[in-house]
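Visitor: Here it is: the structure, laid out below.
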Amino acid sequence: MAATRYPPNDLRRQVGSPRSKGRENKDTLCRNILIYGNCRYEDQGCTFNHDQNKNPSPQADFSKKTFNVDSPAFTPSSQPQVLAKKTTLSSQAANAAPFTPRGAGTPNLQQTAEASVFNPAAIREFTPQNYDIGNTNSNGVPQENGIYSDPFTTMGSLGSTLPSAGQYNLYASDHNSLGGPGAQFYPQHGSFPAGPLQPPNYHLYQPHDSYRQELQPWQRATYDFFIPAKMREELQKKMFATQQVMPNSGLPQLERWHSLFPLDTNNRKNTSSFGYPSWVYKAQNSRTARHYALRRLEGYRLTNEKAILTVMKEWKKIKNGNVVTVHEAFTTREFGDSSLIFAYDYHPLSKTLQEHHLQPTHGNRYRAPSAVPENVLWGYICQITNALKTIHSNKLAARCLEPSKIILSDNNRIRLSACSILDVVQFESNTKSVAELQQEDLVKFGKLILALATGAPPAHLNNIQVALDSLVTKYSANLKDAVAWLIAPSNPGESKSIENFISGIATHMTAFFDLALQDGDEKQFHLARELENGRIARSMMKLMTIIERAEPGGAQSWSETGERYQLKLFRDYVFHRVEADGKPNLAVGHMLSCLSKLDAGIDEMVVLTSRDNETVFVLSYRELKQMFDRAFNELVKHSKTGAPGANN
C-alpha cells in the first residue's frame, strides 16, 4: 500500500519532463515551468517552449480536449502497477488545452509565469466598448443557452422588449414608466439600455446641516423648523417700514413717484453739507413698483442740464456694497419751489452714524455718547476703504464723508448715501482736479474716524493733535497711526492713495472679510432650510382643494368616496390629532414631517383611522402620494374643460 501511494524515486523522475515528440512541441509551454517555475532539462534537450511570455500557437486552441492534465485522475488502490504507469505524462496530455466553458467567446490561452500567485494589478477593469444591444452575436461565437452561456451575449433578446425613448417627467411617482411608455432620462444616443430610472439628486430631500448656533433647549423645537426669531422680527420690521405711509401728509405726488414719506428725524434746515437745505423721503415708483429714497435739495436752480447727464452717467457705473446706488436726478416744482431730486436705493430702518454714535443722550443729566468699540471702528474703516477704492478707481471722488450722510443698517453695515450730489451742485464752480478731491477724501475719512472715536462731531475738532493723543488711552497704537496717516498731508512731490492705506491695514481687512464670510454662511444656512417650505405649502394647498369638495361633475360625495376618503383621513392624521386624554396635539414637527413625507412619497407605512374607529387603512406614503396626484389631476382636467362646479 505504501508503494502504491509513494512510488519509488526512479518512477517519480519520469514526471520531470515529457518525452520529446519533435518540433511540433516547440510552441507548447513546458509543464515544469508551470509547476516548479523552471525546467532542469531545458539545456539537456527538452523541446518544449520555456518562454513564458510567448503566445501559444493558435492551432493549439482547437486541439483535442479529451484530457485535462490539471484534473485529478482516478487511481484504484488495488492496482499499484497501473498507478506507476499512469504517473508518466504522455505527450498527448501535455498538449491538452485548458478547460473553457461554452459560450464565453473566443478563448485566450495566454498565461503568466506567476499563474498561481494573485496579482491585483494584473486585473483590468471591464469597460464595454462598441456594445450594441440589438446585436445578438456580438462576440463572434454562436449563441448557446447552456449552463455556461454568457449573460452579456444573451442581452440581445431584450432589445425587442425595451420601450423606445420618450419624455422624462421629474415629478412622476413611478420612475420605471416615466412620461408614458418608453420614457427614459438619457437620449437614445448611447448604447446602454434604459433600466429602472431614478430622479436626479437635486429633486430629493436632503437636510442642510452645515451650520448650527448655540441655543437653549427650549429654543430648539421651533428653531429646527424656522428661521431664528430675531432674524424674522428684523425682516418683518423692514417690510413694515417699506410699506409705511402717512395719510394727509401734505406731500405732493411727483411725476413717477407717489406715497412720499419723510425719513428725516430732525426738522431743522441744515445747509452745511451741500449749501442748500436737504430732505429725505421714501417714495414708490409707479413704473417699477419699487421703493426708493429721494433726497431733495430745496431752492436749487439748475443752470446747466449737462451737469445731471454727465454726473449720472459716471456714477451709475459704481456698483459697490458700501455705496448706495444712485439711479437718476431730476428737477421739480411740485414742492412750491425749484428743487433738485436724487433717487437712491432705499434701505429700510437705516440710521446715520450721526444718529447712532454722536447723538447725545438725554436723561437726568446731559452726557456725551459712549465710546465706540475698536473692533466696530475697524469694521467702519474697512468698509469705507472698500467704497473709496471703487470710487477712486473710476476716477471719481466721494466728497461727502460726514456722519450724517453715511447710513448704518444691521450688523454694522454702512453705506455712503450722498455721493454725486456735490458733483452736480458744484459742476461749474468746482476748480479742483479729481486727484485733489481724492486727497480730500482721505483727510475727511481720517476726521470721520477720529470723530467717532472721540465722540465729538468733525466740526468741533479744533485741535487735531490733542484728539489724536487722546486715542492712546482707549484704542491701540495701530488705530491711532492709521488715523494720523489719513489726516496728515502728503509729503512734497508725493501723493497718498487708498491703495497705500489698504496695504497698511491688510490684517484688519482679512479679519473683517472672515466675519463677512461667516455672516454669509449663516444666512445661506437659513435660506437653504427655508427652501423646502414651498413644497409643503404647495402640498397643503393641493390637499385643501381636494378634501371636503363636491365633484366637479355635480356629485356632492366626491371627496368622501374612493381615494379622496383616504386623503381625508390623512388630513385628520396630520392636523386633527389628539392626545390620550382628548387634548389637541399641536406638534408642528409632526405636521411638517408628514407633509414632507407625502411630497417625497417614501415607503414608510402609516395607519389611518376614521373618527368613529370603524375604518382603518394601512398605507404607505408612496401610495398616498399617488392617490393625491390622481385626485388633483382630476380637478385640473375638469378645470381645463370648464366642467360645472370646477371653481367651487
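Note: Cβ is positioned from N, Cα and C throughout, glycine not excepted.
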Visitor: Check each of the ranges 390-428, 429-467, 468-506, 507-545 against Swiss-Prot and return the one annotated as coiled coil.
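Guide: Per Swiss-Prot, the stretch marked coiled coil is 507-545.
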Visitor: If you look at how Swiss-Prot annotates this chain, which of 24-53, 84-113, 114-143, 144-173 comes out as zinc finger?
Guide: 24-53
Visitor: Which of these, Arg256, Arg287, Arg295, Arg296, does Swiss-Prot say binds ATP at the same site as Asp345, Tyr346, His347, Pro348, Leu349, Ser350, Lys351, Thr352, Ser404, Lys405?
Guide: Arg295
Visitor: Hey, what's the widest CA-to-CA gap across Arg295, Asp345, Tyr346, His347, Pro348, Leu349, Ser350, Lys351, Thr352, Ser404, Lys405, the ATP contacts in the record, in Å?
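Guide: Farthest-apart Cα atoms in Arg295, Asp345, Tyr346, His347, Pro348, Leu349, Ser350, Lys351, Thr352, Ser404, Lys405 are separated by 17 Å.
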Visitor: Which numbers of helix, strand and coil residues does DSSP report for the region 'Knob domain' (546-648)?
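Guide: Final tally across the stretch: 51 helix, 12 strand, 40 coil.
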Visitor: Three states by DSSP: which one describes Lys405 (ATP binding site)?
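Guide: Once the DSSP labels are grouped into three classes, Lys405 (ATP binding site) ends up as helix.
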Visitor: Starting from the Cβ of Arg295 (ATP binding site), draw a 10 Å sphere and report how many other Cβ atoms land inside it.
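Guide: So the Cβ neighbour count for Arg295 (ATP binding site) comes to 22.
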Visitor: So, three-state DSSP: helix, strand or coil for Pro348 (ATP binding site)?
Guide: coil
Visitor: Within the region 'Pseudokinase domain' (244-506), what mean pLDDT does the predicted structure show?
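Guide: A mean pLDDT of 91 is what the model gives the region 'Pseudokinase domain' (244-506).
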